[in-house]
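Asks: Submitted below is the structure of interest, expressed as structure tokens.
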Amino acid sequence: MHFSLKQLAVAAFYATNLGSAYVIPQFFQEAFQQEEPIENYLPQLNDDDSSAVAANIPKPHIPYFMKPHVESEKLQDKIKVDDLNATAWDLYRLANYSTPDYGHPTRVIGSKGHNKTMEYILNVFDDMQDYYDVSLQEFEALSGKIISFNLSDAETGKSFANTTAFALSPPVDGFVGKLVEIPNLGCEEKDYASVVPPRHNEKQIALIERGKCPFGDKSNLAGKFGFTAVVIYDNEPKSKEGLHGTLGEPTKHTVATVGVPYKVGKKLIANIALNIDYSLYFAMDSYVEFIKTQNIIADTKHGDPDNIVALGAHSDSVEEGPGINDDGSGTISLLNVAKQLTHFKINNKVRFAWWAAEEEGLLGSNFYAYNLTKEENSKIRVFMDYDMMASPNYEYEIYDANNKENPKGSEELKNLYVDYYKAHHLNYTLVPFDGRSDYVGFINNGIPAGGIATGAEKNNVNNGKVLDRCYHQLCDDVSNLSWDAFITNTKLIAHSVATYADSFEGFPKRETQKHKEVDILNAQQPQFKYRADFLII
């Protein structure tokens, strides 16, 4: 007897509704006579429409012990461009939930777009509850916004080129104040004691050179010694742009602070030399606030819990745009690898993480890493950071880790990426750790770390053009993705997961002591000069 796909669809329909896939309705027996075909009551299907048939047939559940052991090539083979594309469009639709509030799509923390992104990730894992344990880690993220600012010559009203306001700067009403140069970089109290302090109710502006200590320290000390605002000038003579920096978490002494290029700073010093009472007009409209948000952590139920393979991407974007490359691409890659990993057995536990508030200064990943107990810390064998996997004018970037300056194992991770690109005859570029992504908290706490990227605002070493023309802009949407880079790097992520989920053979054992116990915001000499996209020193 031969059944058409239409008849099989009817069988599936009735079998499902009778509660058993093994019940075959009697109307398929040859003796049964049907006056009007039952298909007339159902949506019509073409004989070759196998996908519609499959949708009506419950998929069998394969117990964990029956699954094949994870192999890199087999896991990579399950990564498909169509899946990446579908998830990218999903994220863009979620970013549009913010449009009524922001006037454009965004997934910045605190927005509906970011909240929907987190809901989306959790919904994906609802279908994988037999493979993963999912937890939320809530924290308060420090955020803020510079609405407007003005730094200009008090006499002429002329503003200064490439002046920038520091993130997390407090507001100040417009005022005219004498500009005072602070000696010795303004990092110690004695630097301020050497100048005449402002008189009671007198408003003055401190002019301080960049260097030695974080910008926040300079602002705090200036405020403590009575200055109403601060101008920090760059110490790099070739710099033409302003200082794109952050003050970090403000204190009661923090004052409104802006940055200017080296040449502008030297011009201001010359103006003071000509006129000891030289003054500026200074104003800033801004706010600083705390926003409650969450990290999402998904652990495999199986695998050795004392040998954890950890990897992460950040779930948020900047306010200016939807962030589909930065870091929607990393979010998408991790989700797709997590889905496909469920087809396999593993030897070591795998931990997928989506960090919130990366764009505010790596806040989610730092909160996680700094709040690990010593025992929890020691169980993480490696952390892999996946931020910006698909820049349109991409280069394959690998963090240039070594075991001398970084926790042991970081160099082995770098070599895994190098070997992969070489095996696929792809050129790659080694880039330094600079503090701009979520590996920072792990390295500072002794956990081997590294990662790959495809580049942001810098130029491609091969063609001299910007790597991501839409970096931190509204145009960072689905059209801003390189699908070649996206599929290649997602397969590499799958390779890294499969490799370490199988074995850490040849990988250094974890050191029992934390690598460096430092406060990256307030240390006199931070290990990295950046915190996310912001300079801190």
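A Cβ is built for glycine as well, from the same backbone N, Cα and C atoms used for every other residue.
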Asks: If Swiss-Prot says HIS314, ASP387 bind Zn(2+) 1, which of ASP304, ASP326, ASP400 does it name for the same site?
Replies: ASP326
Asks: Which of GLU359, GLU360 does Swiss-Prot put in the same Zn(2+) 2 site as ASP326, HIS472?
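Replies: Zn(2+) 2 site check in Swiss-Prot: besides ASP326, HIS472, the record includes GLU359 out of GLU359, GLU360.
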Asks: Identify which of the binding-site residues ASP326, GLU359, ASP387 has its Cβ surrounded by the largest number of other Cβ atoms within 10 Å, counting every protein chain shown.
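Replies: The most densely surrounded of these binding-site residues is ASP326.
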Asks: Work out the three-state DSSP category of ASN115 (N-linked glycosylation site).
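Replies: DSSP call for ASN115 (N-linked glycosylation site): helix.
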Asks: At 10 angstroms around each C-beta, which of the glycosylation sites ASN85, ASN96, ASN150, ASN427, ASN480 has the fewest other C-beta atoms nearby?
Replies: ASN427
Asks: Across all the protein chains here, work out how many other Cβ atoms are within 10 Å of the Cβ of HIS314 (Zn(2+) 1 binding site).
Replies: 32
Asks: Measuring C-alpha to C-alpha, could you say which of the recorded positions ASN115, ASN150, ASN162, GLU359, TYR471, HIS472 are within 10 Å of HIS314 (Zn(2+) 1 binding site)?
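Replies: Passing the 10 Å Cα cut: GLU359.
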Asks: Between the Cα atoms of ASP326 (Zn(2+) 1 binding site) and TYR471 (site 'Transition state stabilizer'), what distance do you get, rounded to the nearest Å?
Replies: 7
Asks: Which recorded positions from the set ASN85, ASN115, ASN162, ASP387, ASN480 come within 10 angstroms of TYR471 (site 'Transition state stabilizer'), judged by C-alpha positions?
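Replies: Of everything listed, what lies within 10 Å of TYR471 (site 'Transition state stabilizer') (Cα to Cα) is ASN480.
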